[in-house]
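First the structure, in the form of structure tokens, and then the observations on it.
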Amino acid sequence: MASYSCCLALLALAWHSSAYGPDQRAQKKGDIILGGLFPIHFGVAAKDQDLKSRPESVECIRYNFRGFRWLQAMIFAIEEINSSPSLLPNMTLGYRIFDTCNTVSKALEATLSFVAQNKIDSLNLDEFCNCSEHIPSTIAVVGATGSGVSTAVANLLGLFYIPQVSYASSSRLLSNKNQYKSFLRTIPNDEHQATAMADIIEYFRWNWVGTIAADDDYGRPGIEKFREEAEERDICIDFSELISQYSDEEEIQQVVEVIQNSTAKVIVVFSSGPDLEPLIKEIVRRNITGRIWLASEAWASSSLIAMPEYFHVVGGTIGFGLKAGQIPGFREFLQKVHPRKSVHNGFAKEFWEETFNCHLQEGAKGPLPVDTFVRSHEEGGNRLLNSSTAFRPLCTGDENINSVETPYMDYEHLRISYNVYLAVYSIAHALQDIYTCLPGRGLFTNGSCADIKKVEAWQVLKHLRHLNFTNNMGEQVTFDECGDLVGNYSIINWHLSPEDGSIVFKEVGYYNVYAKKGERLFINEEKILWSGFSREVPFSNCSRDCQAGTRKGIIEGEPTCCFECVECPDGEYSGETDASACDKCPDDFWSNENHTSCIAKEIEFLAWTEPFGIALTLFAVLGIFLTAFVLGVFIKFRNTPIVKATNRELSYLLLFSLLCCFSSSLFFIGEPQDWTCRLRQPAFGISFVLCISCILVKTNRVLLVFEAKIPTSFHRKWWGLNLQFLLVFLCTFMQILICIIWLYTAPPSSYRNHELEDEIIFITCHEGSLMALGSLIGYTCLLAAICFFFAFKSRKLPENFNEAKFITFSMLIFFIVWISFIPAYASTYGKFVSAVEVIAILAASFGLLACIFFNKVYIILFKPSRNTIEEVRSSTAAHAFKVAARATLRRPNISRKRSSSLGGSTGSIPSSSISSKSNSEDRFPQPERQKQQQPLSLTQQEQQQQPLTLHPQQQQQPQQPRCKQKVIFGSGTVTFSLSFDEPQKNAMAHRNSMRQNSLEAQRSNDTLGRHQALLPLQCADADSEMTIQETGLQGPMVGDHQPEMESSDEMSPALVMSTSRSFVISGGGSSVTENVLHS
């Protein structure tokens, strides 16, 4: 059985040796062997395997100069390690390197060789197989290049835990350690690259792109990751196509049609150079220009694509390049390559022939079967050296490698080459860790260490996973848990060299995966040259950018990147282009006209400085000065009768309340503050209640005094000055109590109202409780209504120049103002609410001030002759006569007595009319006294005295039905006209009614006189005689002051003039006694 296994292994090796001859591998012995997989050729010749004969190994074609340079980097690193005294001393590293021809099949053939040798060593069959030469196991493999190739190799090597360190396979699928257990790499995976691509598109504000990916394990995962990143950034993908170097012409044509018809100008390509080359050739043939190609690192510097004849199509490409490294001495090592000197490198012979287009085999004739290209994979490059079919000359061996420009000597940027160099050193440092391991500190069971002389592949894999060393550039090298080596990218831009017309790769930025999100990408836009040699960033959006002040609106049925620009609504703004939504302005701000920003809202209130506020302030100040002026006048003329008659103390309090009313209006002007809001309504309410309470007490007092028939002690007691102030206090205290409850439970406060108008903030007062405000105003209106009732009832009383009448007018004005205030207050808003209330307060205050005080001030200042006690008493007397006459004539049943001298016949009550007519000129210097016939009935209490004849001796005319008499009273003249119409006395007596009466009296400024007077009226008819006789005078109703104390300062004129006079009116055979109360 052992012999059988040995023979199978030998057969596998023999078959592999036939497939890979000496010229198709590089091999060198050593204590430890490293395997290598490099794409020395770009592909294999297509053959139709019809299986009619034994299948032959496929032939590799199209030489890859960069692939050979990567192989040289591995050899250089191994030789440098072998010569190092500090790294793996006393040990030699060997290598076995094979050409993968950039295909999975060739790579698996080479991998099978590594696995088979390791299997033979693990079986220890040398003694049975009788092998002539022992070949050590391959403890690690460097490679492969493409992700698709590495995926196939990793599946096979993973079965035997042989570590694989790739230098160019970046597919993120290879990070799956459950499937690829032994895979590691010195290149970042495509996850970071896909993120970087999305960041670049977002940076240039593109949102409409197309994607193309290689149909393998490199392109599909890479473009899938890009889609995820693009979706997070609202980047839309117009088309997504897969390509391959093996795609037929029809498939390529379809992809080109899609690209040509698409409106996307940016195309993201995750592919290698060989897979992309057929597509680019067709695009060049069709001359499709104006596209921006975003290249992954696999073809970002590929010479297959970066050809001068393609520049009008691919010029301006933005790509990712791996971080370039430095390998000291590597350039000289590359220049030393020679077929005769590189005995361990079977690929050197073909490299020499392809470089100098010659052949080393003497006598070789005939055309070469294939064209010779210079081409690279993933780092790329393609140059046609010779497509001629002529005979190649013999190589002399003296050719100079520096005389020919090939990608092999492109030493400017060592990216993949440096990754190869780093992969070799990673394996060497893992071996070094094994070599220097101390028992008890190892990575294996119980801290044991591996034997460096018998080291196995899985032990090397263990140490690679825990690797940590510093490279020649001073950077820390370590593999993460996924076996990846995190690195950065360079951003390159394709330019056309002005020197030789070739395409050069200019570094225009970088991508730092270690930086925090948002700061990873840096691009210098000034260095970028776009397609068509333009410096302006191309446009690749489904819709035009929405300018500031607008937002993107979704179009139904279209991708989210295809939108229409919608203007931001009022109150919202967008300060940047392509805003997905408009931002709402803060509460105190509003959008400007273009909706590009927010501006502070206009703050509006009834300000002191605005014309309306100034006008109201002036009116309020005017009211305050007028009130103060009136108060000053009253204080100065406090001892005059008209001031005394108004109850000085109560008038002072009333004027003070009016001052408060005018002043309270000022709290409604200016910016509302919490304290002004809490003060203005109570100040207004309390001031008006105080004012109305004073008026109410004055009005009610006058009414009660004039309605009283006989003054009693009740009036003197309850209408004293102290009680009047007490009533004012009680009425005002109720309002104060309402305000205290209001301020305690729900105090008003300033409020910034944003809802009334969009662009204006109205600073107003929030009243806190509408119920409390209603109670305050309601109580004020209730007192005003009561005051109006009493004032209206006493409007005809003569007290103090018809003060009750003016109070009635003032209350009427008060109600008109506040009734008008209610709809105006409800229909206004903002600052006009305060203005309406100020106007109402001022109007009501001016009405009260004018109606109650202006007439008195006018008399005091301009009519001092009327500011006398006599004037006051004369008005009282006139009122008394009118009351007496009306009371007599309206009495329904009159006691009729006839004088014995006139006979006992029953008289009838004539239809009479009494009128009074004032005549200031008709006066007599001295009244004439005549004996008149005594009245039929006299008041028994009055003193006996001779009646005063009030008219001169007149000639009687008995035939006249009407007589007129002039009655002289003091210095005034009163004319009474009494007419009688009694054609039938009996009929008139039965009618018992009066037809008409009138009385006109003129008051004079002379002394009214304080005496009893008999006022007889005699006509020609003896039966028609009417006599008015004052029968008594009673003293003041209130207080202890006597009527004679006229000059006393302490005496109230209103109280002095309050008297009760008793009159007997007789005539026509009847008499009536009437008590008249007048003031």
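Cβ coordinates come from backbone N, Cα and C, glycine included.
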Selected residue, Swiss-Prot feature N-linked glycosylation site, from candidates Asn82, Asn488: Asn488
Record-annotated L-tryptophan site (Swiss-Prot): member among Glu277, Glu282, Glu297, Glu309 besides Ser147, Ala168, Ser170: Glu297
Cysteine of Cys542, Cys546, Cys568 paired with Cys562 via disulfide, per Swiss-Prot: Cys542
Membrane-side pairing of Lys644 with Ile869, Swiss-Prot annotation: yes
Candidate cysteine (Cys437, Cys482) that Swiss-Prot pairs with Cys449 in a disulfide: Cys437
Member of Cys7, Cys60, Cys131 annotated by Swiss-Prot as disulfide partner of Cys101: Cys60
Whichever of Cys561, Cys565, Cys582 is disulfide-bonded to Cys568 when Swiss-Prot is consulted: Cys582
Of the disulfide-bonded residues listed as Cys358, Cys437, Cys542, the one whose CA lies nearest the CA of Cys568 (disulfide bond): Cys542
Two-stretch contact, the transmembrane segment (770-789) and the transmembrane segment (833-854), at least three Cβ pairs under 8 Å: no
Within-chain partners of the transmembrane segment (806-828) [C-beta distance under 8 Å, separation at least 6 from its ends]: 692, 695, 698-699, 777, 781, 784-785, 787-788, 791-792, 795, 835-837, 840, 843-844, 847-848, 850-852, 855
Residue counts (helix, strand, coil, in that order) that DSSP gives for the region 'Cysteine-rich (CR)' (542-612): 2 helix, 23 strand, 46 coil
Cα separation, Cys60 (disulfide bond) to Cys395 (disulfide bond) (Å, whole number): 22
Residues satisfying Cβ distance under 8 Å from Cys437 (disulfide bond), sequence separation of at least 6: Leu443, Cys449, Ala450
Helix, strand and coil totals (DSSP H, G, I; E, B; other) for the region 'Ligand-binding 2 (LB2)' (189-324): 62 helix, 29 strand, 45 coil
Count of other CB atoms lying within 10 Å of the CB belonging to Cys236 (disulfide bond): 18
Top Cβ-contact partner of the transmembrane segment (723-745) among 611-636, 675-698, 833-854 (pairs under 8 Å): 675-698
Shortest C-alpha distance to Cys585 (disulfide bond) - which of the disulfide-bonded residues Cys60, Cys236, Cys546: Cys546
